[in-house]
Structures are given as C-alpha cells and as structure tokens.
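Peer 1: Please find one structure pasted underneath; my questions will follow.
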C-alpha cells in the first residue's frame, strides 16, 4: 500500500512539475505578445519606464500563467523528489523557445533545435531513473531531518560561503566575475528548496486538519524561505544586469541544480538505496539537459541552419592525390585555393563546388 501511494505521489509530482514548465514557458510568450501589441499602438514601452502594460490583458494573462506555474512548481516539491522537480524546470526554457518560434516569429536555429531535443531526452532519462526519497509526512519528521548532523554541516557551509561571497568577494569581483553572484543565488537556492519541501508538508497537514500553525517549524520555514528567495532574486537580477542573459541562464541552471541535488541527497537520503544504473542514468540525464540548455542559449543569436552544413563530400582535382575536400572547407578556402592553384583548376570546377551541394533547410 505504501509503495502504491509512493508511485501515486510521484506521478502527481511529475504532472505538476511538467505543468509548471508549460505555464511558466507560456507566460513569457503572453507577456511578450502584450508588450509588442502596446509598442504597435505607440504606448511608452516598459523599458522606457512606461506602465501601459498594466492595461493590456495579454500581459495579465502572462502574469497569471507565471503565478499558476510557480504554484504548480511549489506543489510538485510536496509530492516528488527535488532531484526530479528541479531539473525539469529546464523544460520551461524549452517551451518558451518552441512557442516563440511559432507565435513571435523568432527563428530557432539548428543549435536550438538540437538543444530542445537533448533537453527532452535528458528529462526523459531523469524521470526513468529518478530516485525515491525517504518518506516524510509530518513536520516532526521534517524537523528530525533538518536536525541531522549531515544537513546541519551542509547548511552551515552554505551560509558561511554565501556570507563570504556577499561581504568580501562580491564588492571586489562581482562586477567582473560572472560566477560570484550566480553562485550566491544558486547555493542559497538549495536551502530555499528545502524550505519549500517543508512548507509543502505543512500545507498537506493543514488540509488534513492538524494544528500546523501552532508548530514553530512552519513559521521558521516561512521566514527562511522569504530571506532565501529575496537574496536569490537580488543577486540573480544583478547578474542579469551585468552579464549576457544567454550566458547567465545556463550557468545558473547548472550550479543551482547541482546545489539542489546535493542538498536533497543529504537531507532526504535519495541516493542511499539507488542502484548503480539509476545513479548513472540520473547523472547522464542531467548532463544531457545541461548540454541542451547550453546549445539553446549560447548560440541562439547565430544564424546557423542545415544550409551551412556539407551534405556530401565532393571530389575535386586534388582527389587524384588521394585527398577529399568537403564542400564546407572548399567554400571557405575558395579564394585562397584559386589564388594558389589558379591555372590548375578550371572556373567550372570552382562553380560546381560553390553551388553544387548546398541546399536550404
């Protein structure tokens, strides 16, 4: 019965996590559509200090969608392991990228398409090999977990490292080193996820009619979550303001998810009873998502399609010497080749190599 209940909760958490990604990914599109509509009307844009978007229903729809996504994400932590819920947050980036190509006419290049595919494959692998966390159903059990020596040491190290980065390293290197502010909001994020897990348990107990509001841990978790989230937002905004978003997003995802996986493994002993193949599968899925997110963000401004790829290898005059030159290489080296081999290669050969094997995607 307990195992059946665990699978039921796992499925609920999985559906909530995926729903969260869809709502959050869609919210960016709705907000963007609303802002573009205002720009066509000639209203003062938000970037210029205007607030006309408050009268645009599409913008409000995006805001409500974002709120629904965050609520679903919050609820997912109460049912599924953080090791599953947190990495699936990357799907919101994928949803946003796909929808923007349909509704905002933003072209998704070849790197982006490969990145989307890798993110889906990585998420699938993580779902298949997701660990089962130790069951924690009451605040008293959560209190015992938080008092575990391993977690106490981890939380203490996180607080010390964060304070050093905030008070010492940040003022000196925060403007030049992208890792400083991202590391602060990432490691603090690991504690915020733990608080969310605890509050999720508190809410489940509250619906069950238990006196949760009288339990001091509920208020401690709520206060801790407020402090952690405020710190995260502050330093993430600083990083986004200074550095390129396409660089900040994948780095933040990697460090934040790694911190959450570490914290969850210590707090809920998720990895203690996992088989070797599940451990390898989880890490493989996580790394696949990282590569997908990197491809999706790092090269999003590069106009790269299949038309830039060599579709075949063509023999040219140098094939007589046992060498094959790809169409892509020959295209880049045409000027140099024609200068060096001017009398050895005919005009027809160069024209064939330029136009004979490239097709549009």
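Residue 1 is the first one shown; counting continues down the chain.
Including glycine, each Cβ sits where the backbone N, Cα and C put it.
Nobody curates TrEMBL annotations by hand; they come from automatic prediction.
Among the features that TrEMBL reports, transmembrane segment is placed at 12-30, 57-79, 85-104, 111-130, 150-171, 178-203, 215-235, 247-267, 279-299.
Describe the structural context of each listed feature in the structure shown, including burial, neighbouring residues and relevant distances.
Peer 2: Note on the transmembrane segment (85-104): residues 13-14, 17-18, 20-22, 24-26, 28-29, 32-33, 36, 69, 73, 76-77, 112, 115-116, 119-120, 122-123, 126-127, 193, 249, 253, 256-257, 260-261, 264, 285-286, 289, 292-293, 296-297, 300 of its chain, located 6 or more positions outside it, place their CB under 8 angstroms from a CB of the stretch.
Sequence-distant contacts of the transmembrane segment (111-130), counting only residues of its own chain at least 6 positions beyond either end whose CB sits under 8 Å from a CB of the stretch, comprise 10, 14, 80-81, 83-84, 87-88, 90-91, 93-94, 97-98, 277-282, 284-300, 302, 304.
Counting same-chain residues at least six beyond the ends of the transmembrane segment (150-171), those with a Cβ under 8 angstroms from any Cβ of the stretch are 180-181, 183-184, 187-188, 190-191, 231, 235, 259, 262-263, 266-267.
Here the transmembrane segment (178-203) has long-range neighbours at 74-75, 77-79, 82, 86, 136-139, 142, 146, 155, 158, 161-162, 165-166, 169-170, 212, 215, 217-218, 221-222, 224-225, 228-229, 231-236, 238-239, 242-243, 247-248, 251-252, 255-256, 258-260, 262-264, 267, meaning same-chain residues at least 6 beyond its ends whose C-beta is under 8 angstroms from one of its own.
When Cβ-Cβ distances below 8 Å are used as the criterion, the transmembrane segment (215-235) is approached by residues 139, 142-143, 146, 162, 166, 181-182, 184-185, 188-189, 191-192, 195-196, 198-199, 202 of the same chain, each at least six residues removed from its ends.
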